[in-house]
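Q: Below: one structure in structure tokens.
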Amino acid sequence: MTSVKTDDNATNLTVLGIETSCDETAAAVVCGPAHKQILSNTIRSQIDEHTEFGGVVPEIAARAHIEILDRIVAEAMNEAGCGWDDIDAIAATAGPGLIGGVIVGFMTAKAIAMAAGKPIVGVNHLEGHALTARLTDDLEFPFLLLLVSGGHSQFLLVRGVGDYERLGTTIDDAIGEAFDKTAKLLGLPYPGGPHVEKMAAKGDVTRFRLPRPLLDRPGLDMSFAGLKTALRTQAKKLEPVDEQTIADLCAAFQRSVSDVLAARTRSALDLFRTRHPAVKPAIVVAGGVAANQEIRNSLLAAAEEADARFIAPPMRLCTDNAAMIAWAGIERLRLGPVDDMSLSPRPRWPLDPANAGVLGAGKKGAKV
Ligand code: KG4
Ligand code: ZN
């Protein structure tokens, strides 16, 4: 495949992306920006390796990435029908994340870049999530991003490539982590989110009333640890809990999280309007928790109420993948040449360094 020129002479780049920052080994080939196309998007999840431990074990993750990454890259290249001559650059996650996995991916990418004589782009994993909606939808800057995954829970104002302001974040557990911990204490399997959602569908949401943490305070920060503790207290009182009680507790938990996210989304949209009065607000949701239908519905309702666009990229691009990394590489390269050969992989890498001081360590490092 050769580079495609468009009418306006914008160069189309073909970029190989690599993602290894958590428990997915992924490679993808993406074209853009003039003619956006995902040529391949290969992902291998390690969930089976981690399930028995009830969470991601960093050493197991790093070893699994080493074992399979070469094959995943070859698959992505084959599926795209590309040889190295067709690739303009290699983009790989350089952080934040579990450092063992990040090193495997970024060093492999450097080796490929060196051997094939291509430029390398070190991508911030969060920037990958932040820019995905510009690959899947027609979306201009600025916009709002709500990132809700196992390691991250934050509202970001995305003003441009490399130009982010974190408007609010969790002060304790990430939302996916809260789902996973809740599932664990109710005896449901890992990863907990989908199981909590399935149980919640059978539950009576009115039986328990769990708190909506921090909603009495202004700003966009969130807290989920107290919610989980309140749920544990209720469960303890009723021990041994039967199936229906588990379902009712899941329904109450999911409703609390949805309410908190919807309320914070309304405030985020208000803030956006004061900052950018001439722009119709758009809110993008990304991360594994975005799979939750009740949460999606309440975010959609909050956006509609505020006359804002609501964008949820397809699930396979919302959760960790390499197409978003390749695309972030394209977004950076379109602004000028990039050479990140001397960049080192990093476990922590906030998008908004001015706002970095949040305590705690999540599945993927700091709860940024
Ligand atoms: O984005 P992701 O695939 O990986 C990272 O953490 O980066 O997100 C995984 C998280 C897990 O905590 C999982 O329990 C949660 O997303 N999750 C869900 C649902 N599906 C996945 N949480 C709530 N409801 C779901 N349906
Ligand atoms: Zn992620």
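These residue numbers are counts, starting from 1, taken along the chain as shown.
Any Cβ shown, glycine's included, is placed from N, Cα and C.
Just so you know, TrEMBL annotations are computer predictions that nobody has curated.
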Q: Asn41, Asn292, Asn297: which one does TrEMBL list with Leu147, Val148, Ser149, Gly150, Gly151, Asp180, Gly193, Glu197 for the substrate site?
A: Asn292
Q: For the Fe cation site that TrEMBL lists with His125, His129, give the additional residue from the candidates Asp259, Asp270, Asp307, Asp320.
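A: Given His125, His129 bind Fe cation in TrEMBL, the matching entry from Asp259, Asp270, Asp307, Asp320 is Asp320.
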Q: Can you tell me which of the binding-site residues His125, His129, Asp320 is spatially closest to Gly193 (substrate binding site)? Compare CA atoms only.
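A: So, of the listed binding-site residues, the one sitting closest to Gly193 (substrate binding site) is Asp320.
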Q: What whole-number Å value do you get for the CA-CA distance of Asn292 (substrate binding site) and Asp320 (Fe cation binding site)?
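A: Cα to Cα, Asn292 (substrate binding site) and Asp320 (Fe cation binding site) are separated by 16 Å.
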Q: Please classify the secondary structure at Gly193 (substrate binding site) using three-state DSSP.
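A: In three-state terms, Gly193 (substrate binding site) counts as helix.
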Q: Out of Leu147, Ser149, Gly151, give those binding-site residues positioned within 10 angstroms of Asp320 (Fe cation binding site), comparing C-alpha atoms, in sequence order.
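A: Cα filter at 10 Å returns Ser149.
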Q: Kindly point out which of the binding-site residues Leu147, Gly193, Asn292 have a C-beta less than 6 Å from some atom of ligand 2.
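A: Qualifying residues: none.
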Q: Helix, strand or coil at Gly151 (substrate binding site), per DSSP?
A: coil
